[in-house]
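J.: Have a look at this one before I ask anything.
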Amino acid sequence: MKKEFILMEQVSFSFGRQQVLKKVCLSLEQGISYALIGKSGSGKTTILNLIAGFLKPDEGTVSINGTRVLGPRKETAFLFQELGLFPWQTVEEAVAMPLKLRGGKQEAKEAVYHLLEKLGLEKYGNKYPQELSGGEQQRVALARTLIGGPDIILMDEPTSALDAATKEELQGVIREEQQRRGTTLFFVTHDVEEAMWLGQYVLILKEDGEVEQIENPYYFNKDAREQLGFYEECIKLRQLLKMEKEG
Amino acid sequence: MFVKNQCLGFVSFLIFWEICHLLLNTHTVPSPLETLAYMLTVPGKLALHCGASMLRVLAAIGISLIIGVPAGMLLGVNETCKKLLSPFLYFIYPMPKIAFLPVFMLLFGLGNTSKIILMIWIIIFQMILSVRDGVEQILPVHFKVMNSFCATSGQRYRYLIFPAILPQIFSGLRISIGITLASLFFAENYAATYGIGYYILSAWTKMNYVEMFGGILAIGFLGIILFDLLDSLERFSAPWLKKNAAER
């Protein structure tokens, strides 16, 4: 029997007078990767912020593993669209920070270099973010997200600012790390192809708060991007989104 | 390269001074060579006066940092404090602080305390405002990052707020050094035995312009020493700023 790990029940949320979410229900399993798509302004990022504990719902509840989310939790990591790397921290310092914040100074250096090596960043330990390319910065932010061994990774349009080649490279790293670690991944994207490549399930957030869940048959297929069927699925998904936009 | 540039700048200044001396042809503007030669005859005396001024300047800047940085941070992070205290700061900031000198003399006596407090009074508001603005310029996503890692309030200050405002602290310090050195002339013009401000004023009243210009030059040298110290401190404590500048 499937057990929900992240659960949103009848969640409503407003920014002032503007209602963003209306009675949204969502149930996500542990260790699975979910992509959330929907039209602009439908409240996708708000859902991420509610799960992260940055926002509190006006109505309804958000819970993780049976515990109600009342604020940020240490086991949930967030990869921000703007990355949020500090200009004063070297790559090594940035990636070590989550461990240091938990008081684990001794094991930090070894763990950091192990992860940097995995993400192809070992040469950049002493560099500052502003000395790196966009793709390298994105990988540093990903390393900082992964270092603490989170059980949930939330990502807000993780590759939206990248060129096509760098985007593909980073998507590969995210996909590999998620599958290897078995972390629950929940991300928001505008890119249907990215949703199909990184999400085991694609969730479509509808206007009325309903969430449609579609299983991605190509998720475990490493060569999906070489196959026509993958792109046919993307087209179907785009059409679904278009229909949703047109009401 | 840096030392070479500084020497070049100093020599250009001396040439400009020499031109002024020749054009004006008055004993109130002595020749730079004559002034430098005079300074070499009284190195011990000048060092004593410069040392006394340096101690006052460092004490004023140190105390301003100790009070100004936390106060600026508080104003930057706490909206209520900002709303309550900002109007007071804006009111005091443009006032000619030197006008408070008699008040400080009356309250704190004629010794070093009133001199140092006057200098603190002159620079602290600018320090508080720079730090406050520095905190306000921190990107919201940086606070969100710290939130997502469940950072405590202390960790937020250590890893985010303090490093983020270091550039503002250094630029505030640069301005403060300039202002405190200039205000020495006022702060040391009463009840002082040592101090470069006192030295200049004493030479002025004696109409010894070579000695007076010697004192002015000495303040300039003090400025160079303090600014160089500050640059070294900045390179050591905020190395990313240097790298940013190099990239530009």
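Here the Cβ of each residue, glycine as well, is placed from N, Cα and C on the backbone.
TrEMBL lists these features:
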type: TRANSMEM; residues: B:7-26; note: transmembrane segment
type: TRANSMEM; residues: B:46-76; note: transmembrane segment
type: DOMAIN; residues: B:50-234; note: domain 'ABC transmembrane type-1'
type: TRANSMEM; residues: B:88-110; note: transmembrane segment
type: TRANSMEM; residues: B:116-135; note: transmembrane segment
type: TRANSMEM; residues: B:156-175; note: transmembrane segment
type: TRANSMEM; residues: B:181-201; note: transmembrane segment
type: TRANSMEM; residues: B:213-230; note: transmembrane segment
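Could you tell me the structural context for the features on the list?
T.: Counting only same-chain residues 6+ beyond the ends of the transmembrane segment (B:181-201), those with a CB under 8 A from a CB of the stretch are 46, 48-53, 56-57, 98, 101, 105, 110-111, 115, 118-119, 122, 211-212, 215-216, 218-219, 222-223, 226.
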J.: What else in the chain is close to the transmembrane segment (B:88-110), if you only count residues 6 or more beyond its ends and a Cβ gap under 8 Å?
T.: 117-118, 121-122, 125-126, 128-129, 183, 186-187, 190-191
J.: Using Cβ atoms only, state whether the transmembrane segment (B:213-230) and the transmembrane segment (B:116-135) have three or more pairs under 8 Å that are 6 or more apart in sequence.
T.: no
J.: Which sequence positions outside the transmembrane segment (B:156-175), separated from its termini by at least 6 residues, show Cβ-Cβ distances below 8 Å to it?
T.: 61, 65, 68-69, 72-73, 76-77, 123, 126-127, 130-131, 133-135, 137-138, 142-143, 145-146, 227, 230, 233-234, 237-238, 241
